[in-house]
Amino acid sequence: MPYNCCLPAMSCRTSCSSRPCVPPSCHGCTLPGACNIPANVGNCNWFCEGSFNGNEKETMQFLNDRLASYMEKVRQLERENAELECRIQERNQQQDPLVCPAYQAYFRTIEELQQKILCGKSENARLVVQIDNAKLASDDFRTKYETELSLRQLVEADINSLRRILDELTLCKSDLEAQVESLKEELLCLKQNHEQEVNTLRCQLGDRLNVEVDAAPTVDLNRVLNETRCQYEALVETNRREVEEWYTTQTEELNKQVVSSSEQLQSCQAEIIELRRTVNALEIELQAQHELRNSLENTLTESEARYSSQLSQVQCLITNVESQLGEIRADLERQNQEYQVLLDIRSRLECEINTYRGLLESEDCKLPCNPCATTNACDKPIGPCVPNPCVTRPRCGPCNTFVR
């Protein structure tokens with residue numbers, strides 16, 4: 001607030017009436033809060049009739065200088081106070097449009113990053129579900145593979161047993177062929193023996209016939225031989241047919257077994273080929289699923305690292321903004337404290353100025369109206385002032401002329 005109307009602008013004249021005379025005995029005490037200003041100015045009997053004392057002039061000059069310096073300091077403090085109030089108003093006006101948009105931008109960035117993090121989490125969840133599905137599919141394929149492998153092992157065991165049976169049948173066939181050969185050889189031996197016996201019998205019968213021609217009637221040996229030959233031939237034919245029928249039956253059975261075994265072998269081989277193809281396809285698909293899982297895990301790791309770095313950057317940005325906000329708040333607190341200090345200084349200066357005003361007004365009322373008069377100081381006009389105050393003059397009362 002301005003103080004131009006509160007105190008008079010003091011100036012000292014060159015005459016004797018421009019300065020009050022303060023005796024040395026009046027400097028004993030000072031006013032509280034008024035730096036070394038005499039408190040008993042005008043209360044002691046220091047009126048003179050002619051001239052002023054040099055100490056009184058110096059005291060008035062000191063008071064005028066102090067008052068001028070205080071007024072200048074008050075004006076400077078008023079200017080600084082006005083500047084601080086303008087700065088505070090500008091800061092209060094600029095605080096909302098400056099801080100809020102910045103925080104809104106940060107909030108938008110944080111929301112975008114949160115949306116990205118949520119999208120990344122959903123993508124990670126989807127990838128985890130896909131990985132679980134791939135694991136379930138791989139487990140299913142592994143179960144199928146183990147089942148097919150067990151079936152393959154069973155089929156291979158059956159094929160091995162059928163191969164053993166085929167080997168046994170081959171051995172039986174070779175044994176039967178050997179038996180047929182031996183029977184053929186035996187048949188040839190029997191034929192040879194039969195021929196030898198027939199020849200022997202013929203020889204014997206021929207001798208007997210010659211002997212018995214004279215003794216007995218003749219016997220038809222050809223018929224007997226033919227009958228014997230027919231009997232043996234019928235027996236040989238019967239044995240041959242039985243052997244041929246048995247051989248044919250065994251051969252047909254073996255052929256049937258071989259055909260069925262070959263069909264089973266072909267079907268087993270086809271199944272084995274199909275199982276091998278299925279196993280290869282499953283292995284390829286399993287390898288693809290493993291590669292997909294590895295790629296998804298790598299993508300997940302990269303996403304986590306990227307989002308963690310972005311989150312750390314956002315945290316650093318938030319920390320910086322919070323530190324700036326703390327600095328701004330500390331600056332505002334410091335300015336408020338300075339403002340309070342200035343207000344306290346202002347109040348003290350106002351008290352001191354009021355003290356000066358009261359002191360000057362009281363002294364103005366106590367000084368005589370005509371310090372140069374010898375009889376009545378208040379009724380007669382003021383005399384002319386001496387141009388040279390240092391010249392010795394008659395002693396008179398103090399001059400109470402102030403220029404407002």
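Note that Cβ sites are derived from N, Cα and C of the backbone, with glycine treated the same way.
Straight from Swiss-Prot, the features:
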type	residues	note
REGION	1-56	region 'Head'
DOMAIN	56-367	domain 'IF rod'
REGION	57-91	region 'Coil 1A'
REGION	92-102	region 'Linker 1'
REGION	103-203	region 'Coil 1B'
REGION	204-219	region 'Linker 12'
REGION	220-363	region 'Coil 2'
SITE	ALA305	site 'Stutter'
REGION	364-404	region 'Tail'
Compute the average pLDDT of the predicted model within the region 'Coil 2' (220-363).
86
For the region 'Coil 1B' (103-203), residues assigned helix / strand / coil by DSSP:
101 helix, 0 strand, 0 coil
ALA305 (site 'Stutter'), number of other Cβ atoms within 10 Å:
10
DSSP-wise, what's the residue breakdown of the region 'Coil 2' (220-363) into helix, strand and coil?
143 helix, 0 strand, 1 coil
